[in-house]
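Structure, as structure tokens:
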Amino acid sequence: MSMLFYTLITAFLIGVQAEPYTDSNVPEGDSVPEAHWTKLQHSLDTALRRARSAPTAPIAARVTGQTRNITVDPRLFKKRRLHSPRVLFSTQPPPTSSDTLDLDFQAHGTIPFNRTHRSKRSSTHPVFHMGEFSVCDSVSVWVGDKTTATDIKGKEVTVLAEVNINNSVFRQYFFETKCRASNPVESGCRGIDSKHWNSYCTTTHTFVKALTTDEKQAAWRFIRIDTACVCVLSRKATRRG
């Protein structure tokens, strides 16, 4: 604040020295009229009041290992390039039914941040017909307590668990999918010929845009989350006799 004050004073003094005064306006040798200084003081007071009342940039502060919720402009969520079907901001937990998780969850108190053509996502691999099974078993849940994550540069960042939007606290949820077990059956992946193949199930990742903070600067960043369970195969070495 003091820096702004000194800057305004300096700018004015430079302007006073550079202003071409006429004889009829300010006679040579006379000081600047008191009314002029009064006008200057009024201008400075107005500038300082505006500086004090101007909203500061949102900075997240860490308290006991957690991050305080920060105020976010709701217009920020209208940028389509930031949309992800796996990220949700809500004042209440998303539905967690055993059959499906509705990604178009639009109950009161939810930011329509994740609109997508995929209206529903299964929380577990479904069995469509009798006798059909998944090679790997997975489970999908909304994660609302994520505090840290790895960004696309491989750097660990702090995830903003909560943000303040229009004086309401919204929690940031991530829809994550991971493997139930690395070996659904004793030999590895289900349905794989273990005589010729080694196999195991593993969780894969993708990057989504999320609100994070790093070195007290809040910003959108790509972070890595679990998104699928796949089977990894490797051919067994054959002995040549």
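Positions of Cβ are set from backbone N, Cα and C atoms, glycine also.
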Query: Of Asn69, Asn166, which does Swiss-Prot mark as N-linked glycosylation site?
result: Asn69
Query: Of the disulfide-bonded residues Cys136, Cys179, Cys189, Cys201, which sits closest to Tyr173 (1-acyl-sn-glycero-3-phospho-(1D-myo-inositol) binding site) by Cα distance?
result: Cys179
Query: Record lists Arg171, Tyr173, Lys209 as binding 1-acyl-sn-glycero-3-phospho-(1D-myo-inositol); longest Cα-Cα distance in Å?
result: 15
- request: Inside 10 Å of the Cβ of Cys179 (disulfide bond), count up the other Cβ atoms and send me the figure.
  value: 21
Task: Would you count the other CB atoms within 10 A of the CB of Cys201 (disulfide bond), including those on all shown protein chains?
output: 23
- prompt: Out of Cys136, Arg171, Cys179, Cys201, Lys209, the recorded positions in the record, which is closest to Cys231 (disulfide bond) when you go by Cα distance?
  reply: Cys201
